[in-house]
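Everything below concerns the one structure shown next.
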Amino acid sequence: MESHSTHPHKRLNKGNVLDVCRCDTFELDLRSLCCGFSRQDLGSALIRWVRALPPPGPTRYLDPAGEEDITVFKIKTSRVIVSSPGTRGSRKEQQMLSGEIRPSHSHRLSVWTGPGTYECAFVIGPVMYTAKAQMNVALLPDEITMKINPLIVNCAESSNVSIKATIADTTETYDVNWHYSVSKLTDLKNTTSSGNIDYSAMAHIKCDQPTEEQYVRITFKNNVNQEKSEQYTIPIIYENTKVCSDDNSDGIWPKTPDGTTVTIHTCENNTVGHKTRTCKGREWLPVFNSCVDKKLSEVVSEAEYFEKGMGASQDLAKNVFEGLKNFSTSETTESTANVIGVIKVLDVMATASKTFAMTEEILPNFVESASNILDKNWQGVNDSYIHTMSSQYLKSVEGLVKYIKVKNTNNVATPNINFEVCSGSDCNLKVFGINVTLHNGTKVVKTVGLKNLIHKLPNNYQNSEQLSDKIIVVTQEEESTSPFKITLDFPNKPPGHRKPLCVYWDTEKEDWSEEGCTVKSSINGSTLCECNHLTAFSILMGKGNTPDPTLDIITYTGLAVSICSLIIFLIIEYLVWSALIKSNLSHFRHTAMVNIASFRLLADCSFLASIYPEILTDEWCLILTICKHVFYLAMFSWMLCLSVMLVHQIIFVFSPLRKRVFMFFSSIVGYVCPILIVGTSYLFCKYTKTKYYEPDKCWLVYDGPLQGSMYAFLLPVGTITLTNLFSMVVVILTLMKTAVPGGSQKQDKETAKSIFKVVLYLTPVFGITWAFGFLLRVLNEDHPAYLFANYTFTILNTFQGLFILITGCFTETKVREELITLITRKKKARDGVDIEDNPHVHKCSSTCSLQENMSESLVCIRI
């Protein structure tokens, strides 16, 4: 028995389909295009929705909704043949949506579609209730393509340009309106050919308005006053405009003004699409090729029709993925444009899977095509575009895996993708050697392992780098309302003391995040992660060592003490300068010490200013990096001057340095050379388009052996350190030679004591402690000596200012005496500090020459 109700012919405004429908009696409501009922005495029933397939146009399915949550609703699809007014021929393929519902629920299904007959059927037992109506839909163009001829308007040659707008052929009658920003368009026409409608016009360019942007806009309005527009900005070459010259490489590129992107619709054989190229200054940027294979273009079109609901069925879904698999195995996939096309198909089908339940028959083709594309060439575009492609790929794969329904499939394995299914509340799976365990989950858990993708994704998370080359995607067919946890055991452990990070891919931020994930353990060569949500997981590691609170305290304390010590040292030098500088040797030494202390003070202040790079702008980070680079190099350069002066005085006893010569060469080495090194390294990085500094560190870049701006610091510092070490060895050997052969034990002790004093004095002022920094570069982070070297380097170098104060002031008798004189305000007469008058220098024998050494202790040089 059937009960029918019909509605008159109506035209539906698409915007109304989102209105909520509530039908107290069984009927078809065209206001929101829904079929509803409300019955309290019925058991499970079947609701059928039959609609006519529309001509090409947008179609959307909305999720079922009601006053209460409908948890049992499931969408199915089947194919039926019915008659349909307004379509070509007397019979047309239809689509039926059906779903189970619970009693006492109001229910609706909504759809955007084209003209046709719609029937809603409610079936229980042998009784079927139906409602039928004829409906029209006001359409708008899916796509408006605009072109101009010529592509670039050159005012020196012609000021006329023809504009053409193309849409797909349609039975809809549009009100078409043209708009030109500076005047009226002429010669308006429209023609129909090859399934398209072309609208054309002619514009006369105003060449006397170079500061005003000139554009053309076309607007289509349908019968219910809905509008869709497309705008095209006309590129114009005015007088004295910067232009890129004509170029016929990889296409015909006309003379183009600076900042303009040109699009040409010329592709190679068997490809369709377009190419774009941008003029920057007077140089062309590389061509961006968006021409895709014709077979892939057909697959893209099928996927878009499927997503719009035009004939959406399991057969069409299988055809899409079968075509995608066949194409992904061909050699033509190698172009970046084709890779982008494949990712687009995956993205479109992932969107469609949210409203159309795809079955497991498509899984093998989907997994194989998605796996194949990871082996293809993703180059030819900049890193930013690769990051966008990879992020879209991961999001699409995750969506398809989640919404594809599985019953009998347990696994699908390919070289780059491993798909596993588990049923039950507690699941244990192993994907690419990674153990995945889900506790308190739902019935069906799907896990996918991905290779060759993580290095394509962007990574701006906490200065980290990849530890595993795999990504694990875990999803459930049904959302879990109770708390659950998932553990992933990665067979990877960071080297040395580096910190492992358990992360997931945040699709909104398009970056990794640790939220909801923790590292439970990292031992025996593996890292165990635990998370409280499902998505795509992996593990990263920090580029630096695991933060050590003790080292941080030592660093901050040492820098504070060092800065205070250096300020005190410079004040003391200022107070006692006139009393101490009585000879060229004293002048040389104290000049070098003041410069060493000054540049170390400036370097420490710059270091403290950049200790939190995340709050600094890029400009300030660059400035502080340059400051640290210059100041540290200048400090080492003056250390070199000091060591060379000492060796010269020891070796050439009777040929002392002249003041003018020393000051000239010291100024070149100490001031000019650091600036030249820093400037050259910065300009080199700009010229080679490599990074000069790390924004997350505000320091130089280290990219590996002999790579990165760091070597503009390491090489000169390493050279100076070795030179200073050689100078210190010369001093020690000289002291050892002054010892009298066969001397008493007391004399041997005095010699050893003098050597110890020299080493203790020269180590901080010669920068020898920085050798531990080079040792850290050589040692592996898991080496037993690494931790010792790290602590030693930190302590010795952060407190270097204190050591300079102690060895440069407090251990010098003359400085102490002068300070006491100043404090007690008792002025004492002082003699010069020439070699012959120095009270601290004594003759060892008649064959000994005397020389003032760096610590004012006795040094006898045997002739």
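Numbers here mean position along the shown chain, with the first residue as 1.
Placement of Cβ uses the backbone N, Cα and C atoms for every residue, glycine included.
TrEMBL does not curate its annotations; it predicts them automatically.
Annotation comment: TrEMBL describes 408-547 as domain 'GAIN-B'. Mean model confidence of the domain 'GAIN-B' (408-547) amounts to 85 (pLDDT, 0 to 100 scale).
What TrEMBL records for 551-812 is domain 'G-protein coupled receptors family 2 profile 2'.
Cβ atoms under 8 Å from those of the transmembrane segment (553-580) belong to residues 586, 590, 593-594, 597-598, 600-601, 604-605, 607-608, 791, 794-795, 797-802, 804-805, 808-809, 814-815, 818-819, 821-822, 830, 833 of the same chain, restricted to positions at least 6 beyond its ends. Per TrEMBL, transmembrane segment is recorded for 553-580 (among others).
Through the fold, the transmembrane segment (592-612) approaches residues 559, 562-563, 566-567, 569-570, 573, 621, 624-625, 627-628, 631-632, 634-635, 638-639, 641-642, 645, 666, 670, 698-699, 765, 800-801, 804, 808 of its own chain, all at least 6 residues removed from its boundaries and within a Cβ separation under 8 Å. Annotated transmembrane segment per TrEMBL: 592-612 (among others), in sequence order.
Taken from TrEMBL, the feature transmembrane segment covers 632-654 (among others). Counting only same-chain residues 6+ beyond the ends of the transmembrane segment (632-654), those with a CB under 8 A from a CB of the stretch are 585, 588-589, 592-593, 595-596, 599-600, 603, 662, 665-666, 669-671, 673-674, 677-678, 713, 716-717, 720-721, 723-724, 727-728, 730-731, 734, 762, 765-767, 849, 851, 854, 859, 861.
Per TrEMBL, transmembrane segment is recorded for 661-684 (among others). Non-local neighbours of the transmembrane segment (661-684) in the same chain are 584, 588, 591-592, 595, 626, 629-630, 633-634, 637-638, 640-641, 645, 692, 709, 712, 716; each lies 6+ residues outside the stretch with a CB under 8 Å from one of its CB atoms.
Annotated transmembrane segment per TrEMBL: 710-735 (among others), in sequence order.
Per TrEMBL, the feature transmembrane segment maps to 755-776 (among others).
The transmembrane segment annotation in TrEMBL covers 788-810 (among others). Beyond the transmembrane segment (788-810), the same-chain residues lying 6 or more positions past its ends with a Cβ under 8 Å from any Cβ of the stretch are 545, 551, 554-555, 557-559, 561-566, 568-569, 572-573, 593, 596-597, 600-601, 604, 760-761, 763-765, 769-770, 772-773, 775-776, 779, 816, 819, 855.
Long-range Cβ contacts of the transmembrane segment (710-735) within its own chain (Cβ-Cβ under 8 Å, at least 6 residues beyond either end) map to 629, 632-633, 636-637, 639-640, 643-644, 646-647, 650-651, 673, 677-678, 680-681, 700-702, 751, 754-755, 758-759, 762-763, 766-768, 770-771, 774, 777, 853-854, 859, 861.
Through the fold, the transmembrane segment (755-776) approaches residues 593, 596, 635-636, 639, 642-643, 714, 717-718, 720-721, 724-725, 727-728, 731-732, 735-736, 786, 789-790, 792-793, 796-797, 800, 803-804, 807-808, 811, 853-855, 857 of its own chain, all at least 6 residues removed from its boundaries and within a Cβ separation under 8 Å.
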